[in-house]
Amino acid sequence: MTASPSERLARLSWPRVVFVGLVAAFAVVTIPTLVDKHSWTGVTISVAVTAILAYVYLTPKRIAARFLVPGTILLLAFQVYPIGYTISTAFTNYGDGHRLTKTQAVAQIEADSVIEQPGAQRYELSVATKASDTSGAFVFFLTDPDGKVERGDASGLAPVPDAQVTKDQFTGKVITAQGWHILTGIQVNGLGPRLASFAVPTGTGFIKSVGLSEAYVGHFTMTYDASAQTMTDTRTHTVYKESGGEFKAADGSGKTLPIGWKIGVGFKNFTSVLTDAAIRGPFLRVLIWTIAFAILSVLTTFGLGLLLAVVMDHPRMRGRRLYSSLLLLPYAMPAFISTLVWSSMYNKDFGLLNKLFGTHIDWLGSPWAARGSVLLTNLWLGFPYMFLVCAGLLQAVPQELKEVAKVDGASPLRVFRSVTMPTVLIGAMPLLIASFGYNFNNFNVIRLLTDGGPYPSGSSTAGDTDILISYTYRLAFGGQGAQYGLASAISFLIFVLVGLISYTGFRQTRQLEEVYAR
Amino acid sequence: MMKDRLWWRHLIGLAALVFALVPILFLVSAALNPVGTLSTTSLIPTGASLSNFSKLFHDPNSPYVRWYVNTLVICGVSAVLNVLIGVSGAYAFSRLRFRGRRPGLTGILLVQMFPNFISLTALYLTFISIGDVLPAAGLNTSLGLILVYLGGAMGVNTWLLKGYLDTIPKELDEAARIDGATENQVFFRVILPLAVPMLVVVGLFSFVSFLNEILLAGVFLTDTTHKTLAVGLYGLVSGNHNTDYGEFAAGSLLAGVPVVLIYLYLQKYLVKGLTAGAVKG
């Protein structure tokens, strides 16, 4: 049954060939950019993915892989890898002020410290890039007072022959340069902080821009001693020693330089969640509310849903279809819209609830009212789902069993408790656990209603209605400055909690099924 | 005697209807209210005009049409690919036998317990670097967000759809194979058409869950013109609750009504999909 190569080739269907071709073309386009950026991980991934896809789709074997590979690659790239990344970030101090590597941080501190020498010469400056936009690396074209042009980048100055440039006849400023794109004033302005911290080393000093079209020769006031690993401020003679990812003044004044770098901090983020009172207090408060919120959401929605399903479950009940169509509406309305509508109904001054009831309750502004509001809205969002589920499960309750119980003289309540409820629970249990897991991370309802608030006095990171996911979000993206390390540590704790809950939940379900199996 | 005991059932049912319908009525009222502020909106519309709708389309600060198109593109493409990837996986797990099948299924369930938005920080940092190399897929692009959404495509959906495919008799595809159909033909010509009802339900659920997604979309899309409806409409009311309310309500109705209609139309199938284990999210 062996086929010759040409037969095999003929059997290849063209969609697969086209697909592999596109993937290969994509790799060919991307790899040069990756090499340019020295992103060797990127190159490896790109080559590996292309090779795997080419192999899977061009070989006659690996049929199962053809159906699985695209989803698996996406799963690995955007679900598994981020989890790994989160876990590794949890052990660092990554965040605002600690974004760079140490080498970058040292260079940045030195470049930021360059000041102009009194009476030093100035250059006419043009900023240029290889591409026509400002996204890539840029260089300086500098014209000294004698009209000599030099090109400067992070590695130093290089002379440029006059033949390669045209200069403004009055100022000497470079207007065009062969192979380079001179940026306009607006583009240069847009470079902002990148331009401010860019310095061209000259051997004796450093050239920095001043304004949009002039540059000066300056000197570092901060110098780094690589052997002693210290940073010295040459004006005040303060010596800064490195400590915990930043430079700390050695004179004991406690001063630190604003730019630090990323280092591993071991379990510090985790231990500070447990031991640092300023983090532990809010964290525990948030954790308890998260669990309470998830449990109460499940209980209230399931309770109301079941009640309605039982109420409707009567052979002579009319209009059941109309009821269920109308009760489906809250579920069918996109949740983000409904939640925003609810948030406006809670408005203290103009809200519908206060208007209808003639009250002046600060629904979202006081801790318990806010928690109640969040639960009420979540009940509204969730009960139709539970109603539909319960209505379906009630159909499965064995009618004979109910009849027999009735004949034996059991009260309707007793029948419900001993016959109906167990059957419904077995069916609903996996859904209740899933619903618990979903509400455990129900970011939307918190974000859109209260945004975690109200905040207790003295805490601006953890509000009274914050659940873990919204708390984590604020740590990473809130206005207080990004704390990626700590946020990742808390994400990691959420992983562990969710894992434990799902595990025990599913074990519980299995036991329930065994109990009621016979 | 039994006859007169139905009224309390209707009483509870009507109370539930009031609870369910008040917010929706309020939204409709706000959308039609010509004054367009929250303070003048009541439960029963006091007047009716379409001024909020026309304002919505002419307000330069809120490019509503752009948001609508962005949402349709992002959620539509994500939902379709999500279902395709899900059903391919389900097909392999349901019909083909290969090494690593069981651990694969367990692995998917395991990874799925950790939804990608918990790794928000890591995703954000990753997409900063992706944007450096490939600006078309970095932050503030639809493509980037779609990729993130597709990370979870091979997850719960695969399980859900596998359960459904298992109920399609194997004799059908075996017969097709005997007749000389290739694996691709079996998948596209036999299995997919039979699975359409379930694919529609799963697709709709995915679409709505992407539509409701504000965590990743809010972090990824910060330019006004790149926003989705959820992020954009939130911006309309978050800053000041009172003045733009009519615009918000009109925009919400236009976004919500089509979804509601589809839900009502597909009600029968949805109930099946729901009990199969999908949670709204």
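Each residue, glycine too, has its Cβ placed from N, Cα and C.
Note that TrEMBL annotation is computational and uncurated.
The model shown is predicted, which means the values in this text are computed figures rather than measured ones.
TrEMBL lists A:287-505 with the feature domain 'ABC transmembrane type-1'.
Same-chain neighbours of the transmembrane segment (A:12-34): 42-43, 46-47, 49-50, 53-54, 57-58, 66, counting only residues six or more beyond its ends whose CB sits under 8 Å from a CB of the stretch. What TrEMBL records for A:12-34 (among others) is transmembrane segment.
The annotation transmembrane segment is assigned in TrEMBL to A:40-58 (among others).
Summarising the annotation, TrEMBL assigns transmembrane segment to A:65-84 (among others).
Long-range contacts of the transmembrane segment (A:286-310) within the same chain: residues 327, 371, 374-375, 378-379, 382-391, 393-394, 416, 420, 424, 428, 432, 435-437, 439-440, 442, 462, 464-468, 471, each at least 6 residues beyond the stretch ends and with a Cβ under 8 Å from a Cβ of the stretch. Taken from TrEMBL, the feature transmembrane segment covers A:286-310 (among others).
The feature transmembrane segment is assigned by TrEMBL to A:322-342 (among others).
Taken from TrEMBL, the feature transmembrane segment applies to A:374-394 (among others). Listed as Cβ neighbours of the transmembrane segment (A:374-394) (distance under 8 Å, sequence separation of 6 or more from its ends, same chain) are residues 293, 296-297, 300-302, 304-306, 308-310, 312-313, 324, 327-331, 335, 338-339, 342-343, 420, 423-424, 427-428, 431, 435, 439, 442, 445-446, 449-450, 465.
The transmembrane segment annotation in TrEMBL covers A:415-438 (among others).
The transmembrane segment annotation in TrEMBL covers A:484-506 (among others). For the transmembrane segment (A:484-506), the residues of the chain that approach it from at least six positions outside its boundaries are 83, 86-87, 89-95, 98, 265, 269-270, 272-273, 279, 283, 430, 433, 436-437, 440-441, 468-469, 471-473, 475-476, judged by C-beta separation under 8 angstroms.
Long-range contacts of the transmembrane segment (A:65-84) within its own chain (CB-CB distance under 8 A, at least 6 residues past either end) are made by residues 16, 49, 52-53, 56-57, 495.
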